[in-house]
Amino acid sequence: MKDLPIIALDFESATKVNTFLDQFDEPLFVKIGMELFYQAGPDLIKSIKSRGHDIFLDLKLHDIPNTVEKAMEGLGKLDVDLVNVHAAGGTDMMKAAVRGLHKYSNDTKIIAVTQLTSTTEEMLRNEQNIQTTIEEAVLNYATLTQQAGLDGVVCSPLEAELLTNKLGSNFLKVTPGIRPQGAAVDDQKRITTPEDAKQLGATHIVVGRPITQSENPVESYHTIKESWLG
């Protein structure tokens with residue numbers, strides 16, 4: 001799995017994805033989320049893999065254990081590099097996800113979403129009825145994730161240092177909410193720059209609109225890549 005900034009391909013069609021990818025002449029690490037996968041499906045996965053790119057298939061599975069296990073069996077056949085579930089689904093569901101994935105793929109990494117980077121502490125308490133700090137909630141979910149046998153979590157860069165200290169540096173910490181200095185915050189709440197994310201212990205960063213909506217996506221990508229890789 002490449003140690004590159006993961007580009008969130010938040011497009012609604014395969015045509016727009018291919019137009020975007022045609023601008024690059026190097027292997028990338030890209031994220032395909034629900035919006036795109038539900039429109040374009042497995043055929044797009046195969047097309048992107050044929051270009052030599054790594055893929056994070058970001059579907060955030062969250063259902064009863066049996067359903068997630070069977071769904072993950074299907075994802076295991078797609079030869080993607082990274083998949084995920086919601087940690088809120090519980091330990092049994094996460095263990096089932098690992099079983100399903102490993103039935104067809106031992107190479108694909110699997111991680112769990114702790115708290116979305118759009119979540120604030122006020123939302124955590126008033127809407128999710130979780131009466132702890134975000135850091136405590138994320139650490140609890142991440143600990144359960146590690147105990148269930150997953151490879152890491154999706155978390156804010158702001159929690160990455162805590163998770164490294166508690167769960168070790170080999171536990172993946174994939175961090176959205178990355179914005180270069182001066183970029184628009186959009187709907188993210190808990191954000192940092194690429195440089196700060198690395199210093200805080202993130203193992204991978206996810207960047208979308210600052211690259212995909214840039215006037216010069218290739219230049220923006222390389223700027224972020226240089227900031228991330230140092």
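Glycine residues also receive a Cβ, built from the backbone N, Cα and C atoms like all the rest.
Record features, source Swiss-Prot:
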type: BINDING; residues: ASP10, LYS31, 58-67, THR117, ARG179, GLN188, 208-209; note: substrate binding site
type: ACT_SITE; residues: LYS60; note: active site, proton donor
Counting across all protein chains shown, how many other Cβ atoms sit within 10 Å of the Cβ of ASP10 (substrate binding site)? 16
Please report the number of other Cβ atoms within 10 Å of the Cβ of HIS62 (substrate binding site). 18
Cβ-Cβ distance under 8 Å, sequence separation of 6 or more, same chain as LYS60 (active site, proton donor); the residues meeting this, in order, are MET34, ASN84, VAL85, HIS86, VAL113
Sequence gap of 6 or more, Cβ distance under 8 Å: name the residues on the same chain that satisfy this around GLY208 (substrate binding site), in order along the sequence. ILE7, ALA8, ASP10, LYS31, PRO176
Cβ-Cβ distance under 8 Å to LEU59 (substrate binding site), same chain, at least six residues away: GLY33, MET34, PHE37, LEU75, VAL83, ASN84
Helix, strand or coil: which one is LEU59 (substrate binding site) in, per DSSP? strand
By the 10 Å Cβ-neighbour count, the most surrounded of the binding-site residues PRO65, THR117 is THR117
